[in-house]
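*Asks:* Feature list, courtesy of Swiss-Prot:
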DOMAIN    36-328  domain 'Protein kinase'
BINDING   LEU42, GLY43, CYS44, GLY45, THR46, GLY47, VAL48, ASN49, VAL50, LYS67  ATP binding site
ACT_SITE  ASP170  active site, proton acceptor
MOD_RES   SER203  phosphoserine
Amino acid sequence: MEASKESPSAFKTPCKPAKVKSPVNACGTPVTIPASPFMKKLGCGTGVNVYLMNRMGKQTHSPWAIKKINSKCAQGQVSVYQKRLCEEAKILKDLKHPNIVGFRAFTTAKDGSKCLAMEFGGEQSLNDLIEKRREEGLQAFPVDTIEKVALHVARGLLYLHNEKKLLHGDMKSCNVVIKGDFESIKICDVGVSLPLDENMQVSDPKAHYIGTEPWKPKEALEDGVITDKADIFAYGLTLWEMMTLSVPHLEMLDTEGDEDDDDESFEEDFDEDAYYERLGSRPALDAVTLGGSYQRMVELFCLCTEEDPQKRPSAAHIVQVLESNSQLSKQNTEVIVID
């Protein structure tokens, strides 16, 4: 009796049930985000908190910064911030520059909240360092430090504007993270970035410039045409922050009295009308007290905060000038030996 012939397909290995994959990072490694109480809080923003996540394993891993929606956020605003976080993850995933915080993963934590995992850019924001310096009774940052921040942030903006055709949209000291003694300087929080067209304009009628009020240029306050120069205006005010240790257009009040009275005193002395009148303009700067060594930074601040956007320099121009100055400074400090 002839044995029956079976087709090869009859002996296929039974299919195993598909496994549910864990979220992975940019390198393909599964990611598990701890609940918020198990991570150190680094800071907070509008509707979000940022935590430090120390990664455990057989090998040494760099820590990550984890951004997630604040649990105390108003229920009606949660969807808005979730959408913004998703948008930031999408944008950040496409960016790679030494002066911009890098993307690591977009996943869900054990508590069910959406999380954006990012490169740990530093222990503190530039704003944290400004506040600390002011509380210690110190004056402006050393000019070398300001020039270094100016160059590194300008390089990040150049990459965003020219290579990625993106407006950051919320440039300020809070969105610059610092590692160590200014060893690393990176721009963060690209969640409100806007696309730029070939003319460096935000031409999408649906796009809305958000920014932060004290750093907004006149054109943003008056519903004008938004270009890359909106970032440059806010960049200039960020340098001003480092020279004055203040928030643009908000006078720092004398806080020698009881701490309990500070908030009440501020409310009584704050001139709201004057504040709104000053928005979008160049805040005063005492260049004489700063001294001659700050002249380059004072001039850059003035150029960046011109009311007319067309008179402000581009990020490319700023980088070119600052890099030239940096090279010149190095040459001037070299010892020349003549035989």
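Glycine is no exception: its Cβ is also placed from the backbone N, Cα and C atoms.
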*Asks:* Can you tell me the CA-to-CA distance separating VAL48 (ATP binding site) and ASP170 (active site, proton acceptor), as a whole number of Å?
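*Replies:* So the alpha carbons of VAL48 (ATP binding site) and ASP170 (active site, proton acceptor) sit roughly 15 Å from each other.
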*Asks:* For the residue listed as 'active site, proton acceptor' and SER203 (phosphoserine), determine the Cα separation and express it in whole Å.
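*Replies:* Rounded to a whole number, the Cα-Cα distance is 18 Å.
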*Asks:* Just the number: how many Å between the Cα atoms of the residue listed as 'phosphoserine' and VAL50 (ATP binding site)?
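*Replies:* A Cα-Cα distance of 32 Å.
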*Asks:* Just name the most isolated of the recorded positions ASP170, SER203, going by other Cβ atoms within 10 Å of its Cβ.
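*Replies:* Across ASP170, SER203, these recorded positions, the one with fewest Cβ atoms within 10 Å is SER203.
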*Asks:* In three-state terms from DSSP, label SER203 (phosphoserine) for me.
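*Replies:* Once the DSSP labels are grouped into three classes, SER203 (phosphoserine) ends up as coil.
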